[in-house]
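S.K.: Let me begin by handing over the structure; questions about it come next.
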Amino acid sequence: MTSTAITSSRAVTSSPVVVALDYDNRDKALAFVDRIDPRDCRLKVGKEMFTLLGPQFVRDLHQRGFEVFLDLKFHDIPNTTARAVAAAAELGVWMVNVHASGGARMMTAAREALLPFGKEAPLLIAVTVLTSMEASDLQDLGITLSPADYAAKLAALTQRCGLDGVVCSAQEAVRFKQEMGQAFKLVTPGIRPQGSEAGDQRRIMTPEQAQAAGVDYMVIGRPVTQSADPAATLRAINVSLSKEA
């Protein structure tokens, strides 16, 4: 089985930056995308954009050379989640995610759904604890563990289920790399260059701090999308990361 998207036209990037596209309008989103280079980043499409614009928007990004992280955080019964993950693979996305709290059977079903795609399968990662959540939020759900300990528990479960990695906060990256090894991918939202506002993220780091902590892919939104010169902002971030490497 192969994905329907044409992969040969996509740019190959070594950048760990994934730009979060948070637009409610296709034309505005593509106007931004056309100002940046697919060699400088990948793009993240989340629930709002995918609900509004559908799979064709992902194809539009592919046609412009970008690899896409489809951030839909699937969380359902195992069979439904597996079918959704397979549909994402058919679309040709680079990465797709599920909620680790969906449990072992759900995550295993999702992983097995990607086996027919072979080397063309997207990376499959799991969300541990949302970066907006604090200890008090978990306590409201009856979870007495700290965000870090709960995330570690879910990350260990994710690895046992054979997924490629997890979404986690940068603060947890050092611990996860030590406990789960370098091959286990860490994807971190809430990354903001020095001087950026925190917004609705609570556990944030700069790109340089995240890289030093062991983050493999860092999601950056408004500091790039709201920049007067997003291409220059991306280049500056990548240069700063290459100096730290």
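Note: Cβ is positioned from N, Cα and C throughout, glycine not excepted.
The active site, proton donor annotation in Swiss-Prot covers Lys73. Annotation source Swiss-Prot lists substrate binding site at Asp22, Lys44, 71-80, Thr131, Arg192, Gln201, 221-222, citing sequence analysis.
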S.K.: Are there any residues in the same chain, six or more apart in sequence, whose C-beta is under 8 angstroms from the C-beta of Lys73 (active site, proton donor), and if so which?
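M.R.: Result: Lys47, Asn97, Val98, His99, Val127.
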S.K.: If you count other C-beta atoms within 10 angstroms, which of the binding-site residues Asp22, Pro78, Gly221 is the most crowded?
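M.R.: For the binding-site residues Asp22, Pro78, Gly221, the Cβ with the most other Cβ atoms within 10 Å is Gly221.
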S.K.: So if I draw a 10 Å sphere around the Cβ of Leu72 (substrate binding site), how many other Cβ atoms end up inside it?
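M.R.: A count of 18.
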S.K.: Look up Gly221 (substrate binding site) in the DSSP assignment and report helix, strand or coil.
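M.R.: The three-state answer is coil.
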S.K.: Within 10 Å of the Cβ of His75 (substrate binding site), how many other Cβ atoms can be counted across all chains shown?
M.R.: 18
S.K.: Let's check the environment of Thr131 (substrate binding site): how many other CB atoms sit within 10 Å of its CB?
M.R.: 24
